[in-house]
Amino acid sequence: MTLQQQIIKALGAKPQINAEEEIRRSIDFLKSYLQTYPFIKSLVLGISGGQDSTLAGKLCQMAINELRLETGNESLQFIAVRMPYGVQADEQDCQDAIAFIQPDRVLTVNIKGAVLASEQALREAGIELSDFVRGNEKARERMKAQYSIAGMTSGVVVGTDHAAEAITGFFTKYGDGGTDINPLYRLNKRQGKQLLTALGCPEHLYKKAPTADLEDDRPSLPDEVALGVTYDNIDDYLEGKNVPEQVARTIENWYLKTEHKRRPPITVFDDFWKK
């Protein structure tokens, strides 16, 4: 089995999907989890205005709507959390995503004060954060806020991780990667677009250039620039297609060096790192 085949198998990626079937699969997955653990009353998700959180948010709200109707349990809710760092450049996209999702509840937590306070505390301890590490601080502060909200609403935190993100480890460890449940896991980027198209999402929310937008020195840096490959390249690779040798090397290098991000903390029983 080639490394490409191993990666595809590990991430559960498929070369083709039926959008309606995958929508149903994600909704039923969320509903089943909530029904298995009836003490869970809320799904909590950060909404950025980008493709992934818009899709995950829509699926969460659809799952909650169906479950309330089927069970009569009105205590169930989907909580969308806006977490800007100061003023977000694409705030209108966030509002458009909220309008599309129609969440039961919307909370706004501006993380800038908390991030700056943490940075100052570290500075006083003799640690000066780089811009890149400050970006990770933002991602972790957002996750901290979501877990606090989930803790106060008997909820779980929903993630937006998918195959095209998992393969490159393009997420912050214990930041946006530290979630309870990931309904998009298995899909690549273009397949996510297919689901949003089927759901009637406004095109500008999934046709814009994806960005983590974590770095102050490089605001709105496109993911594809940071990664050195395009999402079309990544999706082709995940679909088992032949890609240029340099593209394959870049993708596989990202996959191998970020393996620790896709695993629990390493223990004496692990040996995947002995390479």
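Glycine too: its Cβ is placed from the backbone N, Cα and C atoms.
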Request  = Would you identify which residue of Thr71, Thr160, Thr168, Thr230 Swiss-Prot lists as part of the ATP site it also attributes to Gly46, Ile47, Ser48, Gly49, Gly50, Gln51, Asp52, Ser53, Lys189, Thr211?
outcome  = Thr160
Inquiry  = Just to verify a number: CA distance, Thr160 (ATP binding site) to Arg140 (deamido-NAD(+) binding site), in angstrom, no decimals.
reply    = 15
Request  = Inside 10 Å of the Cβ of Asp180 (deamido-NAD(+) binding site), count up the other Cβ atoms and send me the figure.
outcome  = 16
